[in-house]
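Among the features that TrEMBL reports, transmembrane segment is placed at B:23-44, B:75-94, B:115-135, B:167-186, B:213-231, B:243-266, B:286-308, B:328-346, B:355-375, B:387-410.
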Amino acid sequence: MERDTHFILGVYEDEDVLLHAVKEVRSTGVKIHEVYSPYPVHGLEHVLGYKRSRLPIAAFLFGMLGTSLALTMQFYMMKFDWPMIIGGKDFAAFPDFIPVSFEMTVLLAAFGMVGVFMVSSNLKPWAQPRIFDVRITDDKHVMAIDIANNSSMEVEKIKEILKSSGATEVNNKSFE
Amino acid sequence: MAHDVQNYNLDQKFDFNAGIKKSLLTILGIGAALLVIGIVMAMAGGGHAEEGAEATGHAFHWYERLFANVWINNVYFTGIAIVGVFFFAIQYAAQAGWSAPITRVMLSFGNWLPYAALIMIASFFLMGHNLFHWWHAELFDPNSPEYDSIIDGKGAFFFWPMEKGTFPIFYIARMVIFFGFWVFFFNKFKKIAAAEDQLGGDSHWFKMRSWSAYFLVFFAVSSSVSAWDWVMSIDTHWFSTLFGWYVFASWFVAGLSAITLLTIFLKGKGYLEMVNENHIHDLGKFVFGFSIFWTYLWFSQFLLIYYANIPEETVYFVERLSSDVYGPFIFVNIGMNFVLPFLVLMTRDAKRHGVFLKLVCTLLLVGHWVDFFLMVQPGTLGHNGGIGFMEVGMLLVYGSAVALVVLGGLAKGNLLPKNHPMLEESYHHHI
């Protein structure tokens with residue numbers, strides 16, 4: 001059979017059916033491109049077998065950057081640029097620096113994490129989102145399967161698997 | 001819908017068998033032996049301490065160190081006991097569902113409260129004069145060379161309505177009232193829990209929620225005032241406005257660690273099958289979060305005093321940081337109660353697995369004992385204090401005695417609140 005479409009979509013109405021369907025489809029060896037749902041489905045990332053997010057690593061690195069920037073700034077200002085005696089302390093009085101360093105750590109970790117998330121999720125302001133089915137913003141769950149990733153399997157076979165797993169509709173979808 | 005929790009043995013009871021008792025009694029014996037060694041050493045080593053005491057005009061006696069130790073452990077273990085009841089009440093007042101199967105574990109810590117009350121009141125009468133500087137009549141006599149106008153100004157807080165320097169009736173009344181109400185609320189909770197087990201229905205849950213709310217209001221005031229009374233008044237001149245919160249935070253972290261350890265211990269013995277890593281994760285998050293909260297309060301207190309640099313306030317930290325005995329323990333305190341728990345428990349997996357939690361909770365239990373050691377000893381013993389055989393022995397004796405009482409109380413009732421309306425919800429708890 002000719003491959004005239006890019007994606008096969010299974011449309012599901014119930015989240016429990018969807019969760020079981022994901023397990024079933026994966027067990028047959030079909031690789032799922034992505035599952036779209038109108039609200040977060042509990043345990044979906046677990047059955048899809050997603051690996052642990054690497055976002056915390058980015059948060060940690062950005063946090064460290066914030067700490068070092070804050071400490072460098074304060075040491076430079078207080079010790080070298082404009083030394084001032086405050087409360088009879090040493091110019092570089094470390095305990096005084098902790099609140100600012102803490103705030104800068106939190107600020108940069110948060111901003112950095114949001115930035116990394118946007119870049120890795122392709123959330124550029126000019127990006128055109130690929131809507132597989134408008135009903136995923138309303139009341140339907142959609143499982144998208146990329147045919148290119150499943151070249152070893154017949155398209156009809158995949159469609160059959162989706163049907164038997166509880167999909168109410170099976171559609172084709174391609175993007176320009 | 002099928003009730004999945006019915007698959008479990010809901011009538012299970014903790015079997016406080018001879019094996020556990022024997023190991024606890026062994027720890028108690030080791031502690032008592034160390035304590036005796038410590039006392040003998042302190043009695044023999046008295047000569048050295050006298051030299052230093054000569055200058056201040058106040059001779060140091062070996063039993064003062066024993067008194068200070070009794071007081072540290074009184075305050076510390078009272079805190080753990082009342083935090084068990086407090087955390088229990090929080091669950092009901094917040095209508096929490098996840099914690100339903102471990103509520104009885106929390107409540108069991110309250111079993112120590114009646115003993116704590118008796119020991120604390122008795123030891124106050126026996127040792128209060130040595131421990132608390134303010135209980136010296138000459139401080140309040142304007143004609144005496146020892147007259148202290150600042151302490152005279154605070155005297156009514158201890159002695160009202162009696163004359164200052166005589167008998168601290170207001171102080172003792174507060175102690176009795178706090179313990180009285182705490183024990184009363186604990187017994188009330190226990191009674192409602194027992195009735196719920198027998199009769200079922202959700203009316204007991206509503207009753208428990210109301211009583212929890214009353215208790216929390218009372219505890220909000222009493223925890224703070226007891227911290228001023230039992231700990232802050234040792235350094236009579238000095239005061240800190242967040243001291244009540246600081247002591248509460250220390251109690252809370254220690255109590256949460258004890259609750260987590262006991263839960264993991266019971267799970268290891270094969271009880272509480274429905275408590276899984278999701279519940280453990282929640283307890284881990286509490287331990288992690290509140291150890292940071294404790295650090296926040298510790299640092300808030302320190303930074304403001306350091307920054308303002310007012311002698312009346314800095315004396316508290318000068319006494320500790322510039323001392324050979326206590327200086328290192330300030331850093332041990334921060335390391336054990338903040339740095340290590342923060343780094344070890346940061347990841348999700350560490351909070352879900354018993355091994356890391358057991359390690360961190362044990363560390364925190366010792367760490368917060370060190371925190372109370374640092375609050376009590378410098379003001380009572382000065383340079384004669386320190387951590388030796390006596391301190392370790394007394395901690396072991398108290399710790400195993402508390403464990404015996406708490407586990408004994410736990411074994412009497414049901415381990416699971418089998419008619420708790422949220423037991424099913426807790427079973428499906430998933431994070």
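Any Cβ shown, glycine's included, is placed from N, Cα and C.
Caution: TrEMBL annotation is automatic and unverified by curators.
Fewer than three CB pairs closer than 8 A are found between the transmembrane segment (B:167-186) and the transmembrane segment (B:355-375), and contact between the two stretches is not assigned (pairs 6 or more residues apart).
Sequence-distant contacts of the transmembrane segment (B:387-410) (same chain, six or more residues past either end, CB-CB distance under 8 Å): 14, 16, 20-21, 24-25, 27-28, 30-39, 41-42, 65-66, 69-70, 72-73, 76-77, 80-81, 104-105, 108-112, 115, 262, 329, 369-370, 373. Panel annotation: around the transmembrane segment (B:286-308), residues 240, 242-243, 245-246, 249-250, 252-253, 256-257, 260, 314, 316-317, 334, 337-338, 341-342, 345-346, 351, 357, 360-361, 364, 368 of the same chain, lying at least six beyond its termini, place a Cβ under 8 Å from a Cβ of the stretch. Between the transmembrane segment (B:75-94) and the transmembrane segment (B:328-346), the number of CB pairs under 8 angstroms, six or more residues apart, is fewer than three, so the stretches are not in contact. Tertiary neighbourhood of the transmembrane segment (B:243-266): same-chain residues 14, 76, 79-80, 82-84, 86-87, 102, 105-106, 108-109, 223-225, 227-228, 231-232, 272, 275, 279-280, 283-284, 286-287, 290-291, 293-294, 297-298, 301, 337, 354, 357-358, 360-362, 364-365, 368-369, 371-372, 375, 406, 415, selected by CB-CB distance under 8 Å and a gap of 6+ residues from either end. Long-range contacts of the transmembrane segment (B:355-375) within the same chain, counting only residues at least 6 positions beyond its ends with a Cβ under 8 Å from a Cβ of the stretch, are 72-73, 75-76, 231, 234, 247, 250-251, 253-254, 257-258, 260-261, 264, 280, 283-284, 287, 291, 294, 320, 326, 329-330, 332-333, 336-337, 340-341, 344-345, 387, 391, 395.
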